[in-house]
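The structure appears below as structure tokens.
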Amino acid sequence: MKVSQNWLKSLVEINTTAHDLSEKLSIGGFEVESLVDCSENVKGIVLGKVLSVVKHENSDKLSICIVDIGRSNPLQIVCGAKNVKQNIYVYVATVGTHLSAINLTIKKSEIRGVSSEGMICSLEELGIEDTSEGIAIIDEDIALNHNLGTSGAELLDLNDYIYDLAITANRPDGMSVVGIAREISALLETKLNFPGLKTRYKTNVYKNFNLCPEAISKNCLYSISNIESVNGKQLSPGWLKDRLDKSGIKSINLLVDITNYILLEQGQPLHAFDKDKLSNLIGRKVSYEDFSVRKANNNESLLCLNGENYKLNENITIIACDDKPVAIAGVIGGLETAVNEDTSSIYLEGAVFNPVIIRKSSKVIGIRTESSSRYEKGISYKNTLDSVTRAINILEEYFNITSPIINTSTELDLKKILIPLRRERIKKILGPIVIRNENYENNSKLEKRYLTDTEITEKLKLIGCTLNIKEYGWDVEIIPNRSQDLLREIDLIEEIARLIGYDMFDLNLPNPIKPGKLSSFQIALRKLKTGLIVNGFNEVLSYSLVPESKNNLIKISNPLLLETSCLRDNIWKEHINICNQNIKSGHEYCWIFEVGNIFHKKPDFSQEEILNGAIYGNNKFEQWLGSNKDNNMTYYEARGKLKEALSILNLNIEDKPTDTIDFLHPGRSSRLFTEGNEVGYFGEIHPNLISNKIALKKMYLFSLKINSILQASTRKNKWITVYKQFPTVPKMERDINFIFNKKYLVSEIISQIKKSGTKLLENVNLIDVYDDDSFGKEFISYTFRLSYRDSEKTLLDSDIGYLHDSVVEIIEKKFSTKLRD
């Protein structure tokens, strides 16, 4: 963003040097990449008057001129210009002047035997124009208002500096001269002098505009105004040309220049369409109702102002008139409807588009313009109609136009947005400022204090905020052109620190410094990962972006590749691929887990963190070459491994068989519950999913909701240490084997055994599962090991015989089974 200091001075009082201001802007967040002294090329150039001209005796093309530059003695200058004559006012380069435009340093010299003490210059030689015919002759009315010897910089209005600012994405207000002026006012604590609106015009809220909802979304707006009796031949006044030129924009004509001027001054892009050309395009008289904003069609094209003919597609948003493309929205206008010398009436467009669609259109066609760069950073729609009004005000100064009607798509929401700002929060975040007493050497006397309410309010008022006093501090109202970056309390605190000066705050950290610590969730998650790793699992990390395969995936608005265009809704598919790749590489087993996020589109967009994993093969031993021994794990072995890994969380996780998970084997899968809440699933992968991956038979998948299991495991009573006396007597074990109906859960059976035993029954474990067709399809054999122990004596068979028999009897009755021999 380039802006001249003279333009800034018309808007804000500047009471410091250009270099000092440049430094303050950079420290304040508006980095000045370069500072150009406009007078650099005309240093040593002064106003002179040609007193006499005589022909050079030794040359037909040279003249000897006596030129008065306000000194006691006039200069003798040999000049070769055809248009030099007596009594004209000229630009004189004195001895020692360097003309950078032609890389020439003026020296006192002798030309064809005649001494020459300077040079009479053309505008080309001064670097003002690209080409010139003869020397520059200064208008007598201008010259008579200045003394001879006046600097050329003053005559050419070049006593100015141009700041080239690097505006960051979080400060879109810096893309306007008024925004930069407000920043300078805040940094220097000086007064603003913004131009007011001379006339306001009637607005018509037309809600029947055909507007693409993606382009004109919330806090967006489209307006179009018909302005008659203008003249495309009229050129811009000098002040307007000068401001555009120093901002790097070429002057075209007054109509185009005013739209560019508002772009620079207010940061609001405008576009002018030639009304007659629009009418010719659609074959009838055009109306504001004909304008629309829509997605382009794949078979359309548009010849634009830069002379390029762009092929359009559905990723480009266009402005249409009677459905015919006339501009690429927010990027560049069409050449066919552009303003030229024959223009007598225009439609003036002012809009705010969704930054995302502007960025997408700009990227697709491969150009970035002054307009698109501002839309991409963000513009407040609350300033748009005022910017349009400001443009029409300037048009009224130069054309005899009738007051137009501004047709707009929506009414402005004048509801104030207030940000609560707490006094105590400011103190906590910023700490005290340090006052250095200049009466003491080496700043040995330092005073520390917190910011006063007056200091806080004054700084926020400097950036246009309005403050309402509250008990806790203030409710702060933000001006529209800062509404893109001042969104939260912390943003306001940052502004206060920036304007006070970061170097003013105490550098010492709070004392004492409390060491950071992990939350209970973080500790539990680390325990969980440790438990899995210790039990042979490897942690993996898969990509959360996947290709589009079904409609229920959440699409990314600006994907880099089609393969990464959507957010994943599961992790298990990637884990199947990881296991398959490992097995193909020669690995005998693959036990993996991952903690990651999945994303759901329905019913509402949601994000869920889960623990997902896969178990394939047995990692306990290697097989002999040529061995036919099966290396696959059974369902219960795999489930036991997961149980062992999760035991570190001290959770009781129950299994309930299910056949409703479509990617799991209907007879070998279960849903997992803890404290009555479903927390995940475990099961063998469905054979249909691995028909082309035969190696992955007997592969098991599991998933757990991280938030649910960590909440259950971190309850306070979970981690209360319970001390037990170390057993001093041996335990006695008995095995029992029954054939059960498969409808009974192992957890139910174990629970019943524990209830049936007395305090001597210490533990119950499932040690064997046997499934055979001879039992019938609905039956299965389970073997349990019961452990008995008395804390005071060694048990005998007679001590537990009756108890063990009682347990067997209860199990037989409860589950309609018989003890196997």
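Just so you know, glycine gets a Cβ as well, placed from its N, Cα and C.
Predicted, not measured: the structure shown is a model, and the values here were computed from it.
According to Swiss-Prot, the residue from Asp485, Asp503 that belongs to the Mg(2+) site alongside Asp491, Glu494, Glu495 is Asp485. Between the binding-site residues Asp485, Asp491, the minimum number of other C-beta atoms within 10 Å of a residue's C-beta occurs at Asp491. Across the domain 'tRNA-binding' (39-149), mean pLDDT in this model comes to 92. Glu495 (Mg(2+) binding site) falls within a helix when secondary structure is assigned with DSSP.
The DSSP secondary structure for Asp485 (Mg(2+) binding site) is coil.
Here the binding-site residues are Glu494, Glu495, and the one whose Cβ sees the fewest other Cβ atoms within 10 Å is Glu494. Listed in chain order, the extra residues whose Cβ falls within 8 Å of the Cβ center of the Mg(2+) site residues Asp485, Asp491, Glu494, Glu495 are Leu486, Ile490, Leu492, Ile493, Arg498.
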